[in-house]
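As recorded in TrEMBL, the features of this protein are as follows:
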- 201-336: domain 'L,D-TPase catalytic' (DOMAIN)
- His284: active site, proton donor/acceptor (ACT_SITE)
- Cys311: active site, nucleophile (ACT_SITE)
Amino acid sequence: MTIKKHSLSLFITLWVFFGISCNEPVSTPIVETVADTTKIEEEQQPKSIDPASIKIEKELLYDKYTLEDTYPYKDTTRQYQWDKIKKGLAFVDSIHNEPSSWAVLQNYKNLNGEAPLVRNYKRNAYTRIADSLGVERYQSVPLYYVNDSIKPECYGRDGWLVKYIEKEGTFDKIATVDIHGEWIVPQRYIKQLSDTTIFNKVIFIDTSNQNIATLEKSDSGWLVRSMNPATTGRHQPPHMQETPTGIFVIQEKKFKMHYLVDGSSEIGGFAPYASRFTNGAYIHGIPVNAPSTQTIEFSASLGTTPRSHMCVRNATSHAKFVYDWAPTLSTLVFVID
């Protein structure tokens, strides 16, 4: 396995890789400096680990439909982005190096209440309200500046991993990874993780290369447990949405995740072995359209182009592997592009 070396610090690397400020336009490729009111204090950041020091070995637990590090696709080549994967694993290792509390943002189907309007919002292509980064109000969590609890500045995605700092009245103070800063959030949107939580299982989903990898922590580094084709979400209003990038936590599982016919309340079928990580996005097997009830193992469309509503479609046996292997509230999902 050939893996590119990086010398930048982990935090700066992750800033470029995952994070942008709330006020930055979505299309802007350059990371802007975040205002002092939202900076994470240096001593609160996990100590950096050089991604080049991360050791990865292949020791598969699931060995069907396995992809190579680099593989042909039509008239081009696709790959596993091991440099980005190592950055993510370096972040995971770094947060285990010092005592800290972690939490997950939760507002699936607005069950914890519709988030208030942010200071600057717009209607997106789906006619839904979104903040300046394109994060929709629906199913999201309001993020307030620490010195202003009147109106939220932007939205945090359901399922985001965040660092828990302290309680402040009816709010919780947190630090986000995907948009860098400290925020206060109404407590009903925060699910604190156990202090004994260890993230020793991690899933990487690549929306550019349409593949998925599962990795598990070992004494010597990280072990690759599977490398498979996948299909992610497609941007096609009004019903299909791309799978959002970021760092998420698997929140729940469903043996059968029933889905609706687009634009109706009619059950359209089910997806087997579903593991939800953000909003209505699940890692699941091949969908089964009603009235059929027989599961389908594989589809030739896996690993080709985005075609899901937001979910990550897998071979059904691989979805079952993830379903059985990855515990809720202690498995991280990195969605990269």
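Each residue, glycine too, has its Cβ placed from N, Cα and C.
TrEMBL: automatically predicted annotations, no manual curation.
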**Request:** Just give the helix, strand and coil counts over the domain 'L,D-TPase catalytic' (201-336), going by DSSP.
**Result:** 10 helix, 65 strand, 61 coil
**Message:** On average, what pLDDT score does this prediction assign to the domain 'L,D-TPase catalytic' (201-336)?
**Reply:** 97
**Complete:** Here the Cα-Cα span from the residue listed as 'active site, proton donor/acceptor' to Cys311 (active site, nucleophile), rounded to a whole number of angstrom, reaches 7
**Asked** What residue among the active-site residues His284, Cys311 has the most other CB atoms lying within 10 A of its CB?
**Response** His284
